[in-house]
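Down below is the structure, laid out as structure tokens.
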Amino acid sequence: MTPIKKVIEYGDRSLVLETGCIARQASGAVVVRYGETVVLVTVVGMKEAAEGRDFFPLTVNYQERTYAAGKIPGGFFKREGRPTEKETLTSRLIDRPLRPLFPKNFINEVQVIATVISSDSENDPDIPSLIGASAALALSGIPFTTPIAAARVGYIDGQYVLNPTLGQMEKSALDLVVAGTEKAVLMVESEAQELPEEIMLGSVMFAHQEMQVVIQAIRELAEEAGKPAWDWKPPIEEEDLKSAVQEVGEARAQEAYQIRSKQERQASLAELRNSIVESLVPEENSRWSREQVLEAIGALEKRLVREQILSGGERIDGRDATAIRPINISTGLLPRTHGSALFTRGETQSLVATTLGTERDAQVIDAIEGERRERFMLHYNFPPYCVGETGFVGSPKRREIGHGRLAKRSLNGVVPDEESFPYVIRVVSEITESNGSSSMATVCGTSLSLMDAGVPIKAPVAGIAMGLIKEKDRFAVLSDILGDEDHLGDMDFKVAGTEKGITALQMDIKIDGITEEIMRTALSQAREGRFYILQKMNEIISTPRQEMSEYAPRMIVFKINPEKIRDVIGKGGATIRALTEETGTTIDIVDDGTVKIFSADKADGQEAKRRVEEIVSDVEVGKIYEGRVSRLMDFGAFVTILPGKDGLLHISQISAERVKNVSDKLSEGDVIRVKVLEVDKQGRVRLSVKAIGNE
């Protein structure tokens, strides 16, 4: 096959899509080049579906090869290992807009693999990877509704910037990724510096408009190089089954959805489902399978709940569309942590703890674009007990990593910089109860916990999850959605921010037809909800505590002459090692002469500072020092007056009286007061006891 290439201008750079040269045994394969970043994206679909499967097994793997940046992996094995956090997050980023575009009831296994094979450290591979996944699916013949494209938007000097480089992103007040089809936005993922709703909405619309050229290029590529479409037909809907399920279960399902408690409601629904299955799926000669009946029950439940909300009725838990669940907050509840908070909203609860550490505790990220250190870490845990289940407990799953990242992005804009608060910060959110919006409960709990720890954040941050139910021209935007509303709705829309503006926005849309007006309504309603939650939070704690926990490390920061750093460190690190051991402190020195002293006790830190200042201070002529006799000689004694600085006390200067033997007056280890008489050009110090006189 002759390679086929499409080249378009996208932003201020060329985007190249090429197929037919590499990975030709895959169902679809595209090499995407943007700048000097190159990603190979492959798609493989299985023509046959496994028997008895009732879900769509789509797997997305994004992987970065270190050779892409001309590096060899660290570690003993010198090869790539388990996925990094960036790889996990990008895999989720690709998965989220693709999944809704496969046909309903399509359950064949599909795997998308995006491999970064060249990285220029300026163009993030995530956008090319998403575009490549869309193009590979369009070429593969696998049932897939329509091509999508993706764009990143920055906001620099009041202007939207399409696909900014990593260098430009350092100056941007916005990092927003949008994926969408020709007609609709499907996904938004963003972090912002407290921007207003109109700017956020404008950036989404800007991205959607700009990405149309990419969708057109993918269509042209598929027309020229696409494989024949699979001969796949959706299973015929059983109208008789729908009628039978409705007849047996509609009234009971409506009753079950009047139960306000999540666990009681789920128990009632489980009993209902089992009852319907038993009545419609006899052991012998059954017309329908168990899976078919359960699917029909799910469709019935979805229709009932959606219709009740769209007709202006109460939601599952009795609220109206804009109401927020009851909020309970407490802070400082964990006595030994540096900061803590318990945030409860309805049946969702987050226990958050903050730990302050030294620079050595920062997380080292060995990314292909270069190594960096992260001072602010946020980890989200979702144990099985929070939803009343048993399950595996171990390393974090993709969902936990993704939710933690969203919460972190929500707080990044308000966390103080290193100059104003030199501590490393780690926050852990334990989801102890969950019924929807646990990531946004984490945002609220983290803001409270940081303030409880005395971290001077710029402003409190609250988060809220919004939902949407839409049927033709009717729609309802729901505030603070439950887990069931997320499952049965058409949109999951999470917004976090301060009173000033938005700090993070995440949106996943399952249907076409979400207009700009609907998004504007959702943002406006989210703003009202956010303000209400912030008000509740401010009633408990509205500003960071002035005093940190007594168990938090104390920090002293000061500057010394950079030329004196070697004196503080000493030969082979001996001086600084002795200093830290004797004072019980941790000392970090930066090349510019900044000294950071961390200690459990304030007095220990002050003592360490005094000793560092002694080491770097210059000997002053005429000043009296308290020194220690280090060596006795026939002609006098050497006295240490500052760490690493000795002076000669001549025998004639030991006393006003005549001294015959130095040992008659002095012994090694004696502490005596001496006055500096002179420092010669060679730095030699001459001392005297006699010159002190009556001083």
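Yeah, the Cβs are placed from backbone N, Cα and C, and that goes for glycine too.
Feature annotations, reproduced from Swiss-Prot:
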type	residues	note
BINDING	Asp486, Asp492	Mg(2+) binding site
DOMAIN	553-612	domain 'KH'
DOMAIN	622-690	domain 'S1 motif'
Composition by DSSP (helix, strand, coil) of residues within the domain 'KH' (553-612): 32 helix, 17 strand, 11 coil
DSSP helix/strand/coil residue counts for the domain 'S1 motif' (622-690): 8 helix, 36 strand, 25 coil
Secondary-structure category, per DSSP, in which Asp486 (Mg(2+) binding site) falls: helix
Average pLDDT across the domain 'KH' (553-612), rounded to a whole number: 88
